[in-house]
C-alpha cells in the first residue's frame, strides 16, 4: 500500500460556459505523505479552491486520478465519497461555517455524532480538542459570542476532532488580522504535527506559506515549486 495520504496524477478540471470549455487545472501531479505540510499559493481565480475541493472528494475531476488513502475516488458514488471524507479528512474554510444556533462544544462534536458516536463520548472528545485550541473556557458560547479568531479556532477543533489523516484548509486565515492569522496558522501546524496528520493549506499569504514544509505555486493550471 502507498504511504501517500492523498495523491493525484494528471488531474484536470474544466468548466463550461455554454459550449465553451474553460480549463482550470491542466495536469496536476501531487503526493501528500503522512505528516506532510503543504502550502499552495496562487493568484485569485487560479484554481486553488477547485484543487482543494477535488483533493477532498467534494467535486469530481474532468480527467486524471485522485487517491485518498489509496482509494481511487473517481469511480465512487457520492455516498461512498462522503463516507471516505468523514472518516479520513478534516476541512477548515475561510469562513468558519459553524452552526450559529449551537455552542462551540456542540459544533465540534457534530462530526462525531454524524458518525453515530455516543453523545457523551463525542462531547468528551470535543471538549478535549477545544481545550487544546485554547477554548476550554468557551464551551457553552455560540459562534456569535466568540471573536473571529476564536471562531476559527473552533473550526480547527472541529476539523481535528475526528483524528483525520489529513486536514484540507482553504484560506483558513484569510478573514483574520495578521497577528491572529499567524496564531491560528501556527496552531494548525502544531496540532497537525502532534496528531501525526498531514495538512494541505491554500493561502494567499506567502509569509504563512513559508512556514509549511513545502510550498507549491498554482499558475496557468499547473503546480510548480
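Think of each number as a place in line: the chain as shown, counted from 1.
Using the three backbone atoms N, Cα and C, a Cβ is placed for every residue, glycine included.
Sequence annotations record features per position, and here Swiss-Prot assigns ATP binding site to 42, 43, 44, 45, 46, 47, 48, 49. Annotation note: residue 42 (ATP binding site) sits in a coil segment as assigned by DSSP. Around the Cβ of residue 42 (ATP binding site), a 10 Å sphere holds 20 further Cβ atoms from the protein chains shown.
Confidence in the domain 'ABC transporter' (6-225), given as mean pLDDT, stands at 89. Swiss-Prot lists 6-225 with the feature domain 'ABC transporter', giving sequence analysis as the kind of evidence.
In this structure, of the binding-site residues 44, 46, 49, the smallest number of CB atoms within 10 A of the CB marks 44. DSSP gives residue 48 (ATP binding site) a helix state.
Cβ neighbours within 10 Å of residue 47 (ATP binding site), excluding its own Cβ and spanning all shown chains: 25.
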